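According to Swiss-Prot, the protein has these features:
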- Lys70: active site, proton acceptor (ACT_SITE)
- Ser19, Leu20, Ser21, Thr66, Asn91, Asp106, Tyr216: shikimate binding site (BINDING)
- Glu82, Gly129, Ala130, Gly131, Gly132, Ala133, Asn151, Arg152, Thr153, Pro154, Glu155, Lys156, Ile214, Gly237: NADP(+) binding site (BINDING)
Amino acid sequence: MADAETRLYGVIGFPARHSLSPVMHNAAFRALGINAVYLAFEVPPEELGEAIGGAKALGISGLNVTMPHKEAVIHFLDSLSEDSGEIGSVNTVVNRKGRLEGHTTDGLGARRALERAIELGGRRILIIGAGGAGKAIAYELSRDNEVVVLNRTPEKAKALERFGITGDALNRENLGEYLEWAEVLINATSVGMNSWETPVPAELLRRDLVVMDIVYKPLKTRLLTEAELRGCKTVDGLWMLVYQGIESFRLWTGFKPDEGLMRGAALEGISE
């Protein structure tokens, strides 16, 4: 039960009601005996600054940031981690004595999720999408892999070239060409969220490809379903959610929750 000592955490996004982060983090707080609660806050873009100011004034201990705020939130924070500053994306906010620090755990979450299916290092990775999550994933994976990012607005993808990442336009021709080259495909867009859409035509998928989708509702997106039918190894978006959540939790509390516990709680949330 909440009391005067209960710490408050949450996720801000638009929409945010679909988020599984509350059930996941609240399960971890209970398991570790931490007096805290985690809520979802639906914040439209025009109210983002007020929301962050309110969180600071109320002493909210930490936030996750999801679409469409991962880039815009930077303008309202006091400091950024090196990674967040480099890529211009934040998915985790830590309140340290009234100063709001921005961090990104998306890239690390994606890395740990992918490592469930393939050993990384020297891999050829194609990422679709150069939004907040896509940039963070590309930046992290480019440390030890060759990464190409395709985006409908090619300028956003090409802006990543200073990190040794290849950026190009997302169109059928480029998609087919780069998929012939790639060992790993990651959908870092929202295409497929609560819909039967896919960013990649099934005929472009080949058997030896590892396919990951950051979308986790539905758990088996059309992309993952068609990839499995083609014989591909797949990684669902819930694993990335779990691993980025574990790192956010560690930044807030200093504790590392159990991944099985967090995924189990998230799976229950999906089925409700």
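Cβ atoms are placed via backbone N, Cα and C, with glycine included.
Structural mapping of features recorded in Swiss-Prot.
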{"residue": "Ser19", "record": "shikimate binding site", "DSSP (3 states)": "coil"}
{"residue": "Thr66", "record": "shikimate binding site", "DSSP (3 states)": "coil"}
{"residue": "Glu82", "record": "NADP(+) binding site", "DSSP (3 states)": "helix"}
{"residue": "Asp106", "record": "shikimate binding site", "DSSP (3 states)": "helix"}
{"residue": "Gly132", "record": "NADP(+) binding site", "DSSP (3 states)": "helix"}
{"residue": "Glu155", "record": "NADP(+) binding site", "DSSP (3 states)": "helix"}
{"residue": "Ile214", "record": "NADP(+) binding site", "DSSP (3 states)": "coil"}
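Packing around Tyr216 (shikimate binding site) is summarised by its Cβ count: 23 other Cβ atoms lie within 10 angstroms of its Cβ, all protein chains included. When the Cα atoms are compared, Asn91 (shikimate binding site) and Thr153 (NADP(+) binding site) turn out to be 22 Å apart.
In the three-state DSSP classification, Asn91 (shikimate binding site) falls within coil.
Leu20 (shikimate binding site) is surrounded by 25 other CB atoms, counting those within 10 A of its CB over all protein chains shown.
Taking the binding-site residues Ser21, Asn91, Thr153 in turn, the residue surrounded by the fewest other Cβ atoms inside 10 Å of its Cβ turns out to be Thr153. Binding residues for NADP(+) (Glu82, Gly129, Ala130, Gly131, Gly132, Ala133, Asn151, Arg152, Thr153, Pro154, Glu155, Lys156, Ile214, Gly237) extend across at most 27 Å, taking the greatest CA-CA distance. Cα proximity to Asp106 (shikimate binding site) (within 10 Å) is found for the following binding-site residues from Glu82, Ala130, Gly132, Thr153, Glu155: Gly132. Taking the Cα of Glu82 (NADP(+) binding site) as the reference point, the closest of the recorded positions Ser19, Thr66, Lys70 is Lys70.
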